[in-house]
Structures are given as C-alpha cells and as structure tokens.
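One structure is given here, and the rest of the page talks about it.
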C-alpha cells in the first residue's frame, strides 16, 4: 500500500444509531436498528478519515459497549501520533482488538481512509498493489430476502426485481417448510433471477442436502449456498461440498471463516468452494490476505457485510474494486436503512456500484453527535 506521513491531531469514537426500514431477521437473530461505533481521525489541516464497527452480537459475541471502549482507548493512543506507515500502525494496534474484529475494522478503515484522503487518491487505490487482477469499478449487489412470510418474500422479490435487481439472497434456516415456499415464491416473482441461499448455520448436512433436493424438485437451484451448518462443523461443510461436487452450486463459508487461519483450514480441508469475506469478521488487512489465499487456491469469493451504514459498505465496495477478484457482491444493507446513513455516493437505486470516478478516500463522511 502507498504511504504518506501525517500527524493525527484529533480522534473521536462515538455510537451512531439509525432506524431500519424493516427488521433484518436471519436464522440466528434480528436487527431492529443500526447501532454502530464510528471512529473519526483528523489531521492538523482538518482532513478526516472515518471508520465503522458494525457489531453483530448474535453472530460474533462482540458488544457495542466493549467495541466503544476499545476504540476510545485507541483514539486516546492515536492523538498526537505521527503516522508514516499506516499499515504498520494498523498491525501494531491489532492485538488490542483481539476478539473484537469489528473494532479493528473501524480502526483500519479510519487510518486508511485518512491516508488516502491526504494522498488525494480513492480508497480502492490502496488495494491495487495487493491485487492479482485488474481493478473492477462497476458491479451490482444482490438484495437480501430476510426471514419472514411467504408473501413478504414474494413482495420483496417483486419490488426489487422491478428496480433492476438480478440476484436475491434468501435467508433460510428458521422453518424448512416455509423456507421452501419462500424460495419458490422468489423464483416465481423474479423469473430468471440468480438465487443465493444463506442458512446462517441453521441446518446440518443431511437436512441441507435434503432441502436442496426438494428445491430442485420445485425447479429452483441456488448458485451459491452460504454457511449451511454451524461454524465449527467442518465435517458437515466437507460433506455438503463433496456431495455437490460437479454441480453448479457453490458452498460458501461465512461464520466458519473469520480469520486468515480459518481460511487456510477451509482451503486445506477443501471444506468449501467459496469464502465470504467481511471486514467485521477479519478486519480489512486480513480480509485482503484471505482474498489472496482464496484466489491462489482457486476458491471463489463473496464480499459481504453486517448491518453496516454507507460508510463501511462503500469502503467494502472500494475493496472489491481495487482487488478485482470478488465473484459475489453482498453489500445491500444500506437499502434497509432510513435517512442519510443509507446513502452511498457510488451506489444507485438499482444496486449498482460505480467507482471509476471516485474521489479521495472512501467518499462518505458520517455526522458525529
């Protein structure tokens, strides 16, 4: 990554909340509002970089309170600090965020955003030196169909298909009978769409494979199956991946891969055919390393998010653009937010990102309380 020397004149960590258009329900829990921790780092000339920690307690066990404490401590340590190597500084602080990868992601995001702004380059330029592919500046996100009724799934598919969305990520794992009807309703409401299933650990291998057979009998086949079994059930992942070998269904690890070490394990065991990278699971720098390992081993990549505002979502879009190796884009949470926190300058109403003309840094400046 490119480097620039600067002094952090001010650093502030704060909780920012935003309402959701509708509750975001998955097999393991539910979000009723966005409640994330934000970090603002400012240089002496008034230029600021921003980071966001999206805490998903029901998935990672992290808490907003602990994340705020960690980022406030980091903010205190960074005030007055000269930064000559942003990556080295991020690595230096990483041990303080052990068990709090969302907090680490916010720190890395803010430091790298400030560095990019001071260099006058878009955030995605920081990742092109790490890439094995040419940058890709335009791509579309899927849209999530949350756990709910069959009619709600049908209506979501109708609404977003009319807006131009082509890929629907359907949350399953709460009730298999209703889930089957929900998936078929989406396929019927949006003919020809690409379907991604996200079980959020809601099945075991036997039930998952049986569910796929029932779907197939109904004329629906997903392009990708995300985290079908509990995150420590590596045997279950291997069983499903082997059973689907030769089919056109990818098996993707999400909760199972939250670190570089876990990514190596998934690859060495051939437990999956794809890996979902999320800043809030691994941090940004380790996310780039996971991408490198996946590409080198022939695994496909998805880039996802927790319940993130336009700041972290746009940062992830830059990451995808700079690395140029992401096969599935799942950066849709801003469509569930009300107000300014849901607005990304590089994302249109049809779910398409375009970062070719992106300005310095991430390009999003949240309003701090």
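From the backbone N, Cα and C atoms, a Cβ is placed for every residue, glycine too.
Mean pLDDT, taken over the domain 'Mandelate racemase/muconate lactonizing enzyme C-terminal' (150-247), works out to 97 on the 0 to 100 scale. The domain 'Mandelate racemase/muconate lactonizing enzyme C-terminal' annotation in TrEMBL covers 150-247.
Residues annotated as active site, proton acceptor in TrEMBL: 171 (among others). In three-state terms derived from DSSP, residue 171 (active site, proton acceptor) belongs to an extended strand segment.
As annotated by TrEMBL, Mg(2+) binding site applies to 198, 226, 254. Residue environment of residue 254 (Mg(2+) binding site) contains 25 other Cβ atoms, counted within 10 Å of its Cβ in all protein chains.
Secondary structure at residue 278 (active site, proton acceptor), as computed by DSSP, is coil. The active site, proton acceptor annotation in TrEMBL covers 278 (among others).
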Counting only residues 6+ away in sequence within the same chain, which have a CB under 8 Å from the CB of residue 278 (active site, proton acceptor)?
254, 287, 303, 304, 305, 306
Would you mind splitting the domain 'Mandelate racemase/muconate lactonizing enzyme C-terminal' (150-247) into helix, strand and coil residue counts from DSSP?
51 helix, 13 strand, 34 coil
